[in-house]
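Notes to accompany the following structure.
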Amino acid sequence: MAVAAAAVAAPAGGGGARAQRSGLLEVLVRDRWHKVLVNLSEDALVLSCEEGAAAYNGIGAATNGSFCRGSGTGHPVPGVAQAPDSPAGVRTAFTDLPEQVPESISNQKRGVKVLKQELGGLGISIKGGKENKMPILISKIFKGLAADQTQALYVGDAILSVNGADLRDATHDEAVQALKRAGKEVLLEVKYMREATPYVKKGSPVSEIGWETPPPESPRLGGGSAEPLSSQSFSFHRDRKSIPLKMCYVTRNMTLADPENRQLEIHSPDAKHTVILRSKDSATAQAWFSAIHSNAGDLLTRVVADIREQLGKTGIAGSREIRHLGWLAEKVPGESEKQWKPALVVLTEKDLLIYDSMPRRKEAWFSPVHSYPLLATRLVHSGPGKGSPQAGMDLSFATRTGTKQGIETHLFRAEISRDLSHWTRSIVQGCHNSAELTAEITTACTYRNQECRLTIHYDNGFSISTEPQDGAFPKTIIQSPYEKLKMSSDDGIRMLYLDFGGKEGEIQLDLHSCPKPIVFIIHSFLSAKITRLGLVA
């Protein structure tokens, strides 16, 4: 049977068309591939392993009308208290049937005191968590242990708090830690949620996909929740995972070797989670990649607006406005097995900023992994290099920045040629705009054993003047326009050499530190002026 064809529709409201696609792919979970139904909307990707989904089959037949082996689609036979896969000493959703739970406690908050045992602890297993848009649920109660001895807890109970610490906004890991640290006497606030029973019966590969993308400055453990639990929109589809595409990194050939070119990867904004999907062939994989990448890219305008609202008038730093941002693959230095890594790159009016994940909180925007002034940065390579290009090198570009420590180089890879063009154009224009905005830079130097100042002006060129002494005005020793500069060089340590073709010959300036920033700034000024004059084709 052929793979379901992609359905493309334009969104309501007259905006640009975004791909909406549906079909069968495979997802990698715990080093095994599992068939899943994938639905792409304008802003999310939904993976599901549900009964009946095999009707859309395009990658092999399903088993017993379903796929995602291990999804727990079987149901207990009436009158049988225990399913075959439930250990005799464990209470599960197969043994604690919803109809056996008193109606009087359904959706009612209860306080239950549990005395931890030295062996076995509380004697429960939990599922759910904020990353799955679900409360923390008791999925198993071990018979004879502490929780079971209370005779007041049920499989399907949502744990609202532990010793007063609110778990309604907790991730799974946070809930585990809260229960571990709770001490010997534990007061649980719980509420039985009958609709959660299908979820806690048995997990599926899709339900094991971790994916947490909390909003900026979201409350963490103990922060409380403004909404009552019953009004929160939790999804109890145990075999469905919704992945918001906003600020996801959609790429290929990064995490896992893909010799057949059938895979695509979706990395979470916090860089903690990766979903790897595989198609039946290269062409189908490329079609899925293009659709998902396009939809994620269309959300960037909304992302920039959200960041501006979050940061307010201050901008990222010094009122610097975001001009462009997005994910790129960055080459890992050295001979590491991992050749590329995700990098969030942001261009402001004056800087190139690199983050290893999407900042969630306002203060995180002020702490990038790298921050480079565009004025001292240049684009030095774009597209395939000399000789046989390596995989991905045809969409790569490099930047070099002059710093006090020398030259720092970064090699990036875009996903499509349009992205490559946009990034390279944005960086070059950013360098030129920064040159015009800055207009002039001044640095201390020593010239012929005299303390001086070197000034480089965007329009007027170079000047060397003496340091003012005892209130006297500085004296200009040398002044020269860019047109007279015949050659410039440096020793990479502290000396800058300028030759204006005058009788004094080559001018030697001791900058007292690495000259690379000044060398790169001179290049930026010259490049911007040439471009402004229309001398670049």
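Using N, Cα and C of the backbone, Cβ positions are placed for all residues, glycine too.
From S204, S367, the position flagged in Swiss-Prot as phosphoserine is S204. Mapped onto DSSP helix, strand and coil, the domain 'SU' (481-537) counts 20 helix, 14 strand, 23 coil. Across the domain 'PH 2' (321-432), DSSP classifies residues as 27 helix, 50 strand, 35 coil. Every protein chain shown contributes to the tally, and the Cβ of S125 (phosphoserine) ends up with 16 other Cβ atoms within 10 Å.
On the 0 to 100 pLDDT scale, the domain 'SU' (481-537) averages 91 in this prediction.
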